[in-house]
Amino acid sequence: MGASLFSRNTNSKADKRNRKFKEADRLFSKSSVTSAAAVSGIVDQYEKSKDRDLPSSPESQNNQNGANTPQPNGHSENSNESSQNHSGKLHKAGGAIRHKKNKNKNRHRITHQQSRLRYSTANRERPIVTDNTIDEEEREKFAKLAHTWWNESGEFQALHALNALRIPWIRDALINRLETPPSKSGKPLEGLKILDAGSGGGILSEPLARLGAFMVGVDMVEDNIKVAQHHLSEDPRIVSRVKYIQATVEDLVSTEEESFDAVVASEVVEHVANIDSFLNSCGRLVKPGGSMFLTTINKTNISFGLAVVAAERIFRLVPMGTHDWDKFVSPDDLQFILDRNQFTTRLIHGMWYNPLTCRWRWTKDTSINYALHAIKTNGRTQVRTESEQTDSAGKSDTSHGANSTVT
Amino acid sequence: MTAKVLRSCRLCKSALRHFRSLSGCGRGVHTTFIDNDAETADIVISGGGMVGTAMACALGNEPHLADKRIVLLESAPKKEFTLPENYSNRTCTVSPSTVNLLNSFGAWDEILQMRCQPVKRMQVWESCSDSLITFNKDDMMGDLAFVVENDVILEATRRSLTAMGDRVDVMYNTSASSYIIPGVTAGHKNVNQNSWVTISTNDGKTIKTKLLIGADGMNSGVRKAGEFHTVKWDYKQLALVATLHVTGVSENTVAWQRFLPTGPLALLPLSTERCCMIWTTTPENARNLRDLPVDSFVDAVNDALWHERDKDSTAMSLGQSFQGILNGIFSSEMTDRQMPPTIVDVDDNSRAHFPLTLVHASNYVLQRVALIGDSAHRIHPLAGQGVNLGFGDVSCLRDILVQSSQEGADPGSLSYLTQYETERQRAVLPVIATIEGLHRLYSTSLTPVVVLRSLGLQATNAMTFLKDKIVGQASG
């Protein structure tokens with residue numbers, strides 16, 4: 001979608017989308033494979049033996065989208081997989097959850113049987129939901145998905161917990177930049193316009209909106225946007241101060257250049273395929289004097305050990321391939337790229353997550369997670385040439401990260 | 001494809017326009033909520049007792065919560081309060097930290113304008129031996145606590161609430177008839193737990209709220225609706241209360257407590273000539289005492305304060321020699337044992353009794369639900385800490401909600417509420433354990449136990465630093 005428009009970005013965007021989908025896939029790494037789908041499989045068999053006339057849901061697929069074919073492996077690591085394929089997984093997993101509700105959907109019965117047949121040969125863990133479901137079903141599905149995103153003690157616990165660190169950080173940094181201190185009203189960010197790049201389920205956008213900011217959240221993944229929108233609709237007080245758009249930051253540059261007081265890309269940079277293009281676009285969206293807030297994972301042996309080896313390979317907390325260590329970026333490199341985009345780095349600070357207490361805290365040590373605040377210098381950026389240079393040169397962004405080596 | 005991108009950009013622009021038209025709009029955008037029939041609120045406090053009303057005051061007084069709509073549900077009608085001449089038989093011993101809380105929203109001044117009595121010294125002793133312990137501030141001038149009638153506290157907090165104008169929406173004559181707590185209530189178990197709590201009131205209204213605070217007492221409806229696991233037991237004791245007339249004291253600023261094998265008897269000063277009695281005893285004894293003629297009742301109370309027939313000779317002699325040793329070590333002058341006042345009369349109709357139970361919810365919070373005061377923990381009154389724990393809940397929850405608001409979080413967010421729970425359980429559980437321990441320790445007249453407890457009490461009394469610590473703990 002729109003990818004053809006920006007041909008120079010095609011690769012990176014498809015890739016990035018894959019990243020995002022993998023991110024989204026993490027949602028279901030535990031729930032769908034081990035619990036939800038497995039349970040639904042059991043329920044399924046049980047229902048089947050109990051009452052053949054009342055098949056519990058898994059909706060058939062409509063075959064109009066070939067990419068929806070079930071994958072034998074829940075999360076294969078083929079980077080050539082199309083994005084639809086990933087979204088197909090999302091649908092499937094959504095269905096897996098719904099499945100448990102044992103809804104009688106007669107209109108799908110025939111196709112349901114077909115899909116069941118296919119399941120027996122492929123992977124019967126993941127029921128499939130069609131795209132052309134009625135609104136009510138859609139709504140319900142996204143309510144479920146939203147629950148996964150917004151369950152504070154669920155899969156995104158660490159991300160929710162990070163709010164206690166990053167929201168005050170962003171808030172105070174922005175307040176310090178204000179000419180007049182805000183009134184003690186509970187809306188200190190009133191009047192500021194902030195872009196949340198990679199907004200996901202809206203975990204960061206909503207709190208900032210509650211503090212008075214006008215938020216624009218962009219995310220590549222349609223489901224994320226819908227989840228965020230669904231959750232937002234439950235809070236009438238901020239609904240008019242948040243706008244979610246399915247787009248890339250590159251998409252926004254043409255219309256929204258220099259219109260944001262701040263751009264926040266939290267836990268996004270490490271998933272971006274072309275970091276130069278991404279940061280360049282983010283930078284162009286910021287007003288002169290505005291701020292850029294980044295949080296990400298450092299490129300060190302420790303972070304490799306924790307994020308890739310421990311989390312993916314040993315403890316299987318996240319699916320294999322969630323994190324691509326080559327995409328991690330060190331603070332120095334990040335600062336270097338920002339410098340080139342007319343940003344002066346104000347602060348780099350380490351963050352430490354304690355998985356036992358589920359709390360984050362600030363630390364001097366930036367070797368794992370770190371946060372960076374940079375301010376745009378007043379001169380206008382000479383953009384396009386620079387971005388094109390970096391685009392071709394930085395095709396493999398390892399060139400910047402070469403100073404820290406993988407073993 | 002192209003169109004889609006363009007549309008996104010247009011969306012963005014229109015959002016910007018929207019924002020411009022909106023900037024400057026402050027409170028309350030209650031427009032697009034799904035259910036149009038329901039009222040919405042950010043925080044609903046169910047129960048307008050002392051703790052619930054104080055919660056409403058504390059939240060309403062916070063500038064950081066100025067954009068939150070706060071509702072207080074009070075089942076009683078709004079009525080004018082006039083301070084009666086006779087003291088009420090239901091009182092609280094209010095600790096300095098509670099005074100600070102009440103002071104933060106002006107209710108303490110209201111109390112001072114009505115009436116309260118400072119406690120400068122506490123004396124605790126027992127009937128089985130001569131051991132005793134006293135607590136006071138260094139100079140005998142500082143106040144350890146204040147004895148305030150429940151009605152006075154309630155009225156003072158209500159006045160503060162009224163002074164806040166429409167900051168808190170108080171719904172009198174309104175109580176919740178049912179709650180729907182997403183993820184808990186039957187039929188709503190599968191609903192995503194971020195949905196708001198729905199409250200149906202007795203007058204047919206529906207209120208949706210992000211956070212429901214249960215301040216509805218020991219038989220809390222919120223606790224039941226939230227299916228909180230609750231530990232309960234009955235002490236098989238009744239507390240008999242009465243307003244007594246006393247003589248023989250000049251200032252009447254001492255709180256007295258004497259442990260009898262049947263339960264503690266406490267006298268709390270109300271004024272120079274009045275005391276509030278709380279006598280915990282067996283149910284039969286309590287009923288008998290309540291129905292006694294005035295003269296016999298007065299004699300019974302005096303007897304309970306003075307009699308020596310429970311004295312255990314072993315404990316007495318051991319205690320005396322131990323006291324000698326202690327005096328040698330700590331070079332403390334003999335403890336100035338004060339004699340309790342003499343009871344001369346009791347107010348008509350002031351005698352009443354109520355059962356004693358322990359109620360403790362294993363959790364104080366759920367997503368979008370928090371319990372405060374007696375709905376979370378009701379304890380034995382022997383240390384007079386019950387209401388102070390409730391007010392401690394209020395300060396703690398206020399602080400957590402201010403913090404969550406400053407961090408842009410939803411007030412019903414479980415991560416923040418869990419902090420409240422952890423902090424409060426750390427405060428409440430030791431108090432419960434201590435009170436349970438004291439209760440068990442003093443409900444026997446077995447010689448070895450008597451010896452040990454009286455020696456322990458004497459030792460504690462001799463160690464000033466330990467006592468200061470205890471005073472510090474009790475005043476929170």
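The first residue you see is number 1, and the count goes up from there.
Cβ atoms are placed via backbone N, Cα and C, with glycine included.
Sequence annotations record features per position, and here TrEMBL assigns region 'Disordered' to A:1-118 (among others).
Taken from TrEMBL, the feature compositional bias 'Low complexity' applies to A:29-43 (among others).
Annotation source TrEMBL lists compositional bias 'Basic and acidic residues' at A:45-54.
Annotation source TrEMBL lists compositional bias 'Low complexity' at A:73-87 (among others).
According to TrEMBL, the compositional bias 'Basic residues' annotation covers A:88-111.
The annotation S-adenosyl-L-methionine binding site is assigned in TrEMBL to A:R166, A:G198, A:D219, A:S266. The local packing around A:G198 (S-adenosyl-L-methionine binding site), expressed as other Cβ atoms within 10 Å of its Cβ over all shown chains, amounts to 26.
Among the features that TrEMBL reports, domain 'Methyltransferase type 11' is placed at A:195-293.
What TrEMBL records for A:E267, A:E270, A:H271 is Mg(2+) binding site. Residue density at A:H271 (Mg(2+) binding site): 23 other Cβ atoms are found within 10 A of its Cβ, drawing on all protein chains shown.
Annotation comment: TrEMBL describes A:381-407 (among others) as region 'Disordered'.
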Checklist outcome for this item: In all the protein chains shown, the tally of other Cβ atoms within 10 Å of the Cβ of A:R166 (S-adenosyl-L-methionine binding site) is 22
Checklist outcome for this item: Simplified to three states, DSSP reports A:E270 (Mg(2+) binding site) as helix
Next on the checklist: I'd like to confirm something. Which of the binding-site residues, A:R166, A:G198, A:D219, has a Cα closest to the Cα of A:E267 (Mg(2+) binding site)?
Outcome noted: A:G198
Item to check | From binding-site residues A:R166, A:G198, A:D219, the one whose Cα lies nearest A:H271 (Mg(2+) binding site) | outcome: A:G198
Checklist entry - Any idea what the Cα distance is from A:R166 (S-adenosyl-L-methionine binding site) over to A:E270 (Mg(2+) binding site), rounded to a whole Å? => result 17
Checklist entry - For A:E270 (Mg(2+) binding site), what residues in its own chain, 6 or more apart in sequence, show a Cβ-Cβ distance under 8 Å? => result A:T296, A:I297, A:H323, A:D324, A:K327, A:F328, A:V329
Checklist outcome for this item: Most isolated by CB count within 10 A, of the binding-site residues A:D219, A:E267, is A:E267
Item to check | Within the domain 'Methyltransferase type 11' (A:195-293), residues counted as helix, strand or coil by DSSP | outcome: 42 helix, 29 strand, 28 coil
Checklist entry - If you skip the near sequence neighbours and keep only those at least six away, which residues in the chain come within under 8 angstroms of A:S266 (S-adenosyl-L-methionine binding site), Cβ to Cβ? => result A:L162, A:R166, A:D196, A:G198, A:L204, A:F293, A:L294, A:T295
